[in-house]
């Protein structure tokens, strides 16, 4: 059996906000088909780490490689890094389907327009093709009937499912989920997790920052526990939840039960 | 937020929808009948007891005046808005020299009376230009000798300054998350601006722009002071010729009210193309 191809490799990532060092050297590799869940307390740097992968947050040092292509960085003159080729970042970002905590749907567009926007205006797909795939994706997340509604008229769960469809529409190599259920009412969490679980089952590569431990244990094949800016412990779900070794992880797991 | 709630009552009250239009049956309520009778009586008095014999003679000129007023309004609102977009944008994201320049422009223009700006342009620049042979020989001279370019310039600059501030607020008010989402999917700056940031900002600013455009309509009579023959100017002429005071002014008020009504309904239609809830 051949090794699965490498989708994302992050090496020795540091991120500093002024005097505060949020990430103190984090490395992570995701192969195709991996479902990696990043867990950790608030302030552990897990969202920052995810946002550094697509350069929404610029790392202070370290490198990010997407599908074998390392993002070229240069010194920004303030002790940090910035991309030296904006076009490259824009191109590589189309490989990463980001889903945000607060959905961030474009409020002036219908659900279908949200889903077809990037395929048409960034990827250069034809309108017909984009609408066809867009409608298929909306049907998948159970929102076909809502395709002509505006985001403000949808529930949080529906908005997040639409946001997932929007991310899928760019046919990304990797899906990035940044606490996708944290802004939702408890009764709406399930419908979103079902959609994400389906994606995991079909072996879509995903990196998922989440507080839903049971869900992480169920769908992920690899769990990363971040604490104070470093990977404190990582392993299979059974190792992490069944047999935690570090004190901090033990404490974290007992605190959420 | 819950599923399938009816449109929010407060925002729905502001929206102009076909259901809000009075139906024939809704007129037959006691208070409405009384009000309608009073209105009918008023109109009867206006038509019967006031002098309107001058009207047919001036109708063509009035029509022309209305066209000039509308031309002034639309040309200056459109040009002004095109200037307002960069004025607002650089105040939000521009480098500091541009930011300061835009801020200074908006402050100066908003801080001085439009009439003063108009006269400064017309009597100041207008009397300066003929002293330069280069300008007198240029292809622009036939226009610079007229008065309307100065009116258009003054009204455009004024609209640009006020709307620049409106657009600054609108650009700044677009949720950062929506901009971030666009970046996260690989949009370049121009696409992001054209597809997300600008339309979203205009959408937010539309209710304010309605009011500002109506105000602009009512600023147009100022151009009558520099000899542009708009509808206000025609009415002034009627008063001078006939020595009738109130009838022409009443008619003028009605004309402006009708134009305002048409403007408001048009903008409401634009606003309602994208329904909003809450903020």
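Using N, Cα and C of the backbone, Cβ positions are placed for all residues, glycine too.
Curation does not apply to TrEMBL; its annotations are automatic.
For the ranges B:33-50, B:123-140, the feature annotated in TrEMBL as transmembrane segment maps to B:33-50. Matching B:227-248, B:249-270 against TrEMBL, the residues noted as transmembrane segment span B:249-270. With Cβ pairs under 8 Å as the measure, the transmembrane segment (B:249-270) is packed most heavily against B:62-89, out of B:33-50, B:62-89, B:101-122. Below 8 angstroms of C-beta separation, residues 102, 105-106, 148, 151-152, 155-171, 198, 201, 209, 213, 216-217, 220-221, 223, 228-235, 255, 259 of the same chain, each at least six residues beyond the ends of the transmembrane segment (B:62-89), sit close to that stretch.
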